[in-house]
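Trainee: I grabbed these lines from TrEMBL:
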BINDING   T156, K157, A158, D159, G208, S209, S210, G211, V212, G213, K214, S215, T216  GTP binding site
BINDING   C289, C294, H296, C302  Zn(2+) binding site
DOMAIN    107-266  domain 'CP-type G'
DOMAIN    117-264  domain 'EngC GTPase'
REGION    336-358  region 'Disordered'
Amino acid sequence: MPRDFSKFTLPGADDTGKTPALSQLQELGWQPFFARQTSVDELATTPPVRVTEVHRSGLRVLGDGIDMVVPPRADATVGDWLLLNYELPSASRLLERKSLIKRRAAGHDVSVQLIAANIDTAFIVTSCNADFNVARLERYVALAFEAEVTPVILLTKADLCRNTLPYVTEAQAISDAVTVLTLNARSDDPLTLLAPWCKPGQTVAFLGSSGVGKSTLTNALSAREVAATNSIREDDAKGRHTTSHRQLHIIAGRCAVLDTPGVRELQLTDAESGVAEVFSDLDELAGDCRFNDCSHVSEPGCAVLAALDKGLIDEARLARWRKLLAEDRHNTATLAQRRSKDKAFGKMVKQAKKHKSR
Ligand SMILES: Nc1nc2c(ncn2[C@@H]2O[C@H](COP(=O)(O)OP(=O)(O)OP(=O)(O)O)[C@@H](O)[C@H]2O)c(=O)[nH]1
Ligand SMILES: [Zn+2]
């Protein structure tokens, strides 16, 4: 039976003044942005499904009355929306994304790893202890800005910390555009403090190192154990990598929550505008450098170094900016090179096949 896909708008008060219940699709995070990419006719034959789990063997997808596994595909990641082709699932149409979080894959692999799609808010999690690292936070905020996701910094384990003020001050200095919250993830704090971002129909993600409390926060929002947690090592506050894969948890009556495994290495790529946004003051200064591609190390006519000499900017922050800039430029160039090499190789294979079939 064809389903009724005509009601795509987010919930609002109806004529009776009551807020109507969410449809199953809306609970999964379906928004007008996705509905606009398709038609009622197309939806009737190929219903929308959301990728909630990515495994080597396949993608778990959920929709209105649908829960199945479709073949894996390299272009899809957790959070993506597909228009499901029942006859040929691998031919399902991937909808355009509202946002995409990606990084350069860890290790020597020259490739991009898609971390999550269609996230509305990225909670960047660190704790008020040895895990706190301002350079890492700047990196995550740049990643979120680039992905067009709203970043919110969460400082967990406030209950174990005598004075959270230095952590808050340092985190807030990263950007005026980012909200910083301190909380005890094991209390009611997450439910009350995160409510403005965790509204029905929204998708949020917890990003951060192992052991900072991402699974604890996920469980707090769902009011039950959906994600496994583990205590950290006491000596260095490092976690044990309890979460082993990315999963989108759909929490009834609330939002969709992505719990990611602690990321050891987060290398930026194609993140020039995200980095520029975090370091907007330095980026503005750089506009006055003599050379377009100035690396602000020793070039003549460097406006950034001039400001440093005058004591107008913080040297440590400048060093962190330069590092991110250099890393992003390097990865973007390396990946572009790899892509063009792959393209050339593909062409060669095609030509060889053509030659053979003659
Ligand atoms: N006291 C206190 N303990 C916390 C808080 N947040 C997390 N914990 C504890 O810290 C440990 C690690 O928390 P997890 O939620 O497993 O951390 P995670 O970020 O999901 O770690 P991975 O899954 O390894 O990435 C658990 O023992 C939690 O109970 C907090 O705000 N206060
Ligand atoms: Zn310069």
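Every residue, even glycine, has its Cβ placed from backbone N, Cα and C.
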Trainee: Among all the protein chains here, how many other CB atoms are within 10 A of the CB of C294 (Zn(2+) binding site)?
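Mentor: Within a 10 Å radius of the Cβ of C294 (Zn(2+) binding site) lie 18 other Cβ atoms.
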Trainee: Inside 10 Å of the Cβ of A158 (GTP binding site), count up the other Cβ atoms and send me the figure.
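Mentor: There are 19 such Cβ atoms around A158 (GTP binding site).
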Trainee: Note the Cβ centroid of C289, C294, H296, C302, the recorded Zn(2+) site, then list each other residue of that chain whose Cβ lies within 8 Å of it, in sequence.
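Mentor: Going along the sequence, the neighbours appear as A286, R290, F291, S295, V297, E299, G301, A303, V304, L305.
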Trainee: Please work out the mean pLDDT for the residues of the domain 'CP-type G' (107-266).
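Mentor: Averaged over the domain 'CP-type G' (107-266), per-residue pLDDT gives 86.
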Trainee: What residues elsewhere in the chain lie close to the region 'Disordered' (336-358), defined as a C-beta under 8 angstroms and at least 6 residues from its ends?
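Mentor: Same-chain contacts beyond the ends: 110-111.
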Trainee: Measuring Cβ to any atom of ligand 1 with a strict under-6 Å cutoff, which of the binding-site residues S210, C289, C294, H296, C302 qualify?
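Mentor: With ligand 1 as the reference and 6 Å as the Cβ limit, the list reads S210.
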Trainee: These are the binding-site residues: K214, H296. Which one scores highest on other Cβ atoms within 10 Å?
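Mentor: Of the binding-site residues K214, H296, the highest Cβ count within 10 Å belongs to K214.
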Trainee: Given the binding-site residues C289, C294, H296, C302, which one's Cα is the least distant from that of A158 (GTP binding site)?
Mentor: H296
Trainee: Please identify, among the binding-site residues T156, S210, T216, the one with the smallest Cα-Cα distance to C294 (Zn(2+) binding site).
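Mentor: If we rank T156, S210, T216 by Cα distance to C294 (Zn(2+) binding site), first place goes to S210.
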Trainee: For K214 (GTP binding site) and C302 (Zn(2+) binding site), determine the Cα separation and express it in whole Å.
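Mentor: Here the two Cα atoms lie 42 Å apart.
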Trainee: Running a distance check here. Ligand 2 versus the binding-site residues A158, G208, K214, C289, H296, C302: which have CB less than 6 Å from one of its atoms?
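Mentor: By the Cβ criterion, which requires under 6 Å to ligand 2, the hits are C289, H296, C302.
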Trainee: Quick one: pull the CA-CA distance for T216 (GTP binding site) versus H296 (Zn(2+) binding site), whole Å only.
Mentor: 42
Trainee: Compared by Cα position, which of the binding-site residues T156, G208, V212 is the closest one to C289 (Zn(2+) binding site)?
Mentor: G208
